[in-house]
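Beneath this line is the structure, given in structure tokens, with notes to follow.
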Amino acid sequence: MTNRSPSHIRRVMLSSFAISLLAVFLSAGPVTAWQLPFLTIPSVPPPPADTPTEVQFQLRHIIHHGADRNPELFVQADVSPAQAVAAAGGTGPKMRKKTRHITRPESLTREDLQAYRQAQVYKEPQTLSIQFNKQLTVVPDVTHKHTVLELAKVTSDAYIAVPGTEDWIDIGGKWNISMDFGWDTDGLRGHVFVDEEEEVVVVGIKGTSPAVFDGRGTTTNDKINDNLLFSCCCARVSWSWTTVCDCYRSTYTCDQTCLERELLDESRYYSAAINIFYHISSLYPNSTIWMAGHSLGGAMAALTGLTFGLPTVTFEAPGERLAAQRLHLPLPPGMPDDEAAVWHFGHTADPIYMGVCNGAGSTCSLGGYAMETHCHTGLECVYDVVRDKGWRVALGTHRIKQVIDDVILEYDDVPNCEIVEGCVDCYQWDFVDNSTEPNSGKRRGSVNVAARAESRRKTQKRRIQEIKLCTRTIPFEYPLEVMSATPSTHTTIFEPEGQAETYAEKEADRNHHALEELPNETLEKLTESQPPAPHAHEIDFPDGGWRAWIVVVGAWCVSFVTFGFVNAFGVFQNYYQTHQLSAHSPSEISWIGSMQLFLIFFAGLFVGRYFDGGYFFGSGLKGRSLSLTGSVLYVFSIFMTSLCHKYWQFFLAQGVAFGIGLGMLFLPAVSIIGHWFRAKRALAMGLLASGSSIGGIIFPIMLQHLIPKIGYPWTVRVIAFLILGCLVIANLTMRTRLPPRESGPFFDMTAFRDVPYMLFVAGAFLVLWGLYLPFFYLEAYAIEHGVDENLAFYLLSILNAASMFGRTLPNFVADRIGCLNVLIPCVYVSGMMVFVWLATTTAGGLIAFSLVFGFFSGAYVSLIPACIASLTPHPQLIGVRMGMGFAFVSLAALTGTPIAGALVTKAGGSYVQATCFCGIVVLAGGVVMTIGRLIRTDWKLMAKC
């Protein structure tokens, strides 16, 4: 009988043997086929390592697509190997490539793309279904410095004419090549580089050809496309701009459908770029196409790359995210930016790339470009040259040659490419279509600005991103406020504390919460000669609070001792005619007072710029250097006046030195109000101006009563001590609030294109030409017509007392209905009252004239600065704009009263000719201001302005 183990024991023994054998093999090392073929574990092989490899490229073709005038022009120039070597100065570019997955449309014909975009724009049912899939694609290695450098050189080559390529081949089939066409003519140009195996094709798109004056080469069309793609609404920066389309509807309101239809036009550069891509893909159907470009060319490359899922590298390209939205590119739904193979290289000193080359004083604006967008698609790769190299933001750094030589080559590595989260363009605009109401919540102040800033600070690890945020959030020198217009809806913005504040019927949203977080050195480096965007986030104004009103007190003291003393010159005029200067004519004596007025205003031409630069009432000795100098010079000139005996001594002391000292104090005192007030600016200006009226009351009375008691010299010295005390108070209480503008011109050249501003200044010149005649000659006129000398003396004080009310009450109304709407009627009344003065000879009549003329002329004096401030596009330009305006009207102040005095002398003491001159020029000034006001409000009579 055979002895057999039970079946379950046999199974256990076999299992133990198998496990032991397997353990031996596993402990010896990896299981391989020869070790144990029947136990080999099948495994999925790991993906091949993505080892970057270098490839050599050579220029093969230059393709030019027409636009605007010749949209059907489509030509190609083939480049021979010898020409390519000559153009490159040697071998072609060598770059490193690697692979990655990119989401791309499966197939997208030209007709399908056009049909898709038209359906989106015209709100038609979408019948086309575009399928997307991820494909393993060869892409440039943007972490490799040499590859980035070579791509930058490709974009630079697109600007250069290649010798021997004058024979163009017609690839459009619709245009006569014999027509006017050259290297640098109408349209978009691309240089095509191909590697040796024809695996990769690199297309370099030419950027903007800059020109202030259009007409040469591609400059006109470049400017049209720049303004259409990168402005908020057809380059509608102000009423004076010629827009590139007719989509502007009203203040901060734009027709979105109109914009999108404009971009459908086949004459636009995007359509030309698409046609270039389709042609190149037909030449190289099995090749991977890379797009590259600089500036406008970079934006076109990015838009084309987004459309077809192409690897794209750009340099210093303006923000094209808004353009991509308006073009309705067929993008994969929900695709994050880091999956789009688009890399935007740029540096922090380029105002176009950073999105700050906009506004009235910017270089872009002077050239006619409205570069208002800053948000990019894809990833941003930013060189922080502001921090690392101490560069200042300037348009000259935008050139691709400087980017190559001074940025890419100078850095050891390329920057990290990162997403910029929460970026919003043109948030203060309402974009509407033909049939809907404004979508005020989509692109406007309902965006949580504070949260956006915090998100950006978390995602961006270098201070460059903080710089970018703040240059966009706080326009240091750009048009900031549009005083004549009010948004039609409420706008909510979020303060740093998280509390929302609603501003109804204000021209622009306010936000400067990030200002205090920036170090001073960063602010200084960010300051450029041009200001940032009229339509960027704007600055908060306290419009009250003890600190703001203390500033008004200090400014009032300056007004009291400056124009208040000038308003008393009529007493000096009459005293000099009968005492020290009795041998001189009234006209000669009035030159002393006219020189005061002239220098007060003319000094503003220089003082305004230095005020913006922080040399007046700022912090530290430097910040107060010129205000202290002006104070010392002014007091010194008064003391010297007490020692004068001859005409030339009076002229130098009381005319020249006195006027220069006044000029260094008055304009900064007026301009500083614009740092602290906006909604209540006219009221604050009126309170300031009331100081000159009170001075016009007190100083004549002091002169009248002290001269007989203590003599002329000591009377003037007593006044000097009073003025010294007031200036001490002013220097202790006044402080500027906005950061200084360290660089920039003395002139805001855009002011000469601002027709309402220029007409206002011209009108102010005419008014001031005749306005001060009563201030200088009213006392002498009354005495000549038999009025008692004591009463005649008080007429000037009565006039100044009425002027005190005229400098406050109208300003209170002006804050509600607009400065110009109050100022212009006051000018007309003042002009008519001058003719009334001509017929007034009795004491009662002259008192009535003094009261009425004083009130309405006072409104003119106080509202002039407020009106200039309201016509100034940004608070940091208030000093320059006021300085320019005051310098121009200073000529009227210099010549007005001497002309009137000469007319009185010529007429044998009669005031008829002088009075007619005064009344006519004042009324003419009112007419000129009226025209400027109507232009400002698009000829709307009831608009606030």
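A Cβ is built for glycine as well, from the same backbone N, Cα and C atoms used for every other residue.
Automated prediction, rather than curation, is the source of TrEMBL annotations.
TrEMBL lists 756-945 with the feature domain 'Major facilitator superfamily (MFS) profile'.
The signal peptide annotation in TrEMBL covers 1-33.
TrEMBL lists 548-569 (among others) with the feature transmembrane segment. Among residues of the same chain six or more beyond the transmembrane segment (548-569), those with a C-beta under 8 A of the stretch's C-beta atoms are 542, 592-593, 596-597, 600, 617, 634, 662, 665-666, 669-670, 672-673, 675-677, 684, 687-696, 698-700, 703, 719, 722-723, 726-727, 729-735, 775-776, 796, 800, 803, 861.
Look at TrEMBL and you will find 589-611 (among others) tagged as transmembrane segment. Residues 562-563, 566, 569, 572-573, 576-577, 581, 626, 650-651, 654-656, 658-660, 662-664, 666-668, 671-672, 736, 744-746, 772, 776, 878-887, 889-891, 893-898, 900-901 of the same chain lie 6 or more positions beyond the ends of the transmembrane segment (589-611) yet place their CB under 8 Å from a CB of it.
Here TrEMBL flags 623-641 (among others) as transmembrane segment.
Residues or ranges marked as transmembrane segment in TrEMBL: 647-670 (among others).
Per TrEMBL, transmembrane segment is recorded for 682-702 (among others). Listed by sequence, the residues of this chain that lie at least six past the ends of the transmembrane segment (682-702) yet keep a Cβ under 8 A from its Cβ atoms are 548, 552, 555-568, 570-571, 669-670, 673, 676, 715, 718-719, 793, 796-797, 799-801, 803-804, 806-812, 814-815, 819, 822, 854, 858, 861-863, 865-866, 869.
Marked as transmembrane segment by TrEMBL: 714-734 (among others).
Annotation source TrEMBL lists transmembrane segment at 755-778 (among others). Residues of the same chain lying 6 or more positions beyond the ends of the transmembrane segment (755-778) and with a Cβ under 8 Å from any Cβ of it are 239-240, 567, 569-570, 573, 586, 590, 593, 597, 795-796, 799, 820, 827, 830-831, 834, 837, 846, 849-850, 853, 857, 860, 864, 867-868, 871-872, 881, 884-885, 888-889, 891-893, 895-897, 899-901, 904, 911, 914-915, 917-922, 924-929, 931-933, 935-936.
Here TrEMBL flags 790-806 (among others) as transmembrane segment.
Per TrEMBL, transmembrane segment is recorded for 818-840 (among others).
Here TrEMBL flags 846-871 (among others) as transmembrane segment. Sequence-distant neighbours of the transmembrane segment (846-871) (same chain, 6+ residues past either end, Cβ-Cβ under 8 Å): 483-484, 563, 670-671, 673-674, 681-682, 685-686, 688-690, 692-693, 754, 756-757, 760-761, 764, 767, 771, 774, 778, 781-782, 787, 795-796, 798-808, 810-811, 814, 818-820, 822-823, 826-827, 829-830, 833-834, 836-837, 840, 878, 881-882, 885, 936, 945.
According to TrEMBL, the transmembrane segment annotation covers 883-905 (among others). Long-range contacts of the transmembrane segment (883-905) within its own chain (CB-CB distance under 8 A, at least 6 residues past either end) are made by residues 585-591, 593-595, 597-609, 611, 667, 746-748, 751, 757, 760-762, 764-766, 768-773, 776-777, 868, 911, 913-914, 917-918, 921.
The transmembrane segment annotation in TrEMBL covers 911-935 (among others).
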Non-local residues, at least 6 beyond the ends, that sit with Cβ under 8 Å of the transmembrane segment (911-935):
239, 755-760, 762-771, 773-774, 777, 781, 820-821, 823-824, 827-828, 830-832, 834-835, 837-838, 896, 899-901, 903-904, 941, 945
Sequence-distant contacts of the transmembrane segment (818-840), meaning Cβ under 8 Å and at least 6 residues beyond its ends, amount to 483-484, 682, 760, 763, 767, 770-771, 773-774, 806, 810-811, 846, 848-849, 852-853, 856-857, 859-860, 863-864, 866-867, 870, 911-912, 915-916, 918-920, 922-923, 925-926, 929-930, 932-933, 936, 943-945
Residues sitting near the transmembrane segment (714-734): Cβ under 8 Å, six or more positions beyond its termini, same chain?
550-551, 553-555, 557-558, 560-561, 565, 617, 624, 627-628, 631, 634-635, 638-639, 641-642, 665, 669, 672, 699, 702-703, 706-707
Taking every residue in the domain 'Major facilitator superfamily (MFS) profile' (756-945), what is their average pLDDT?
83
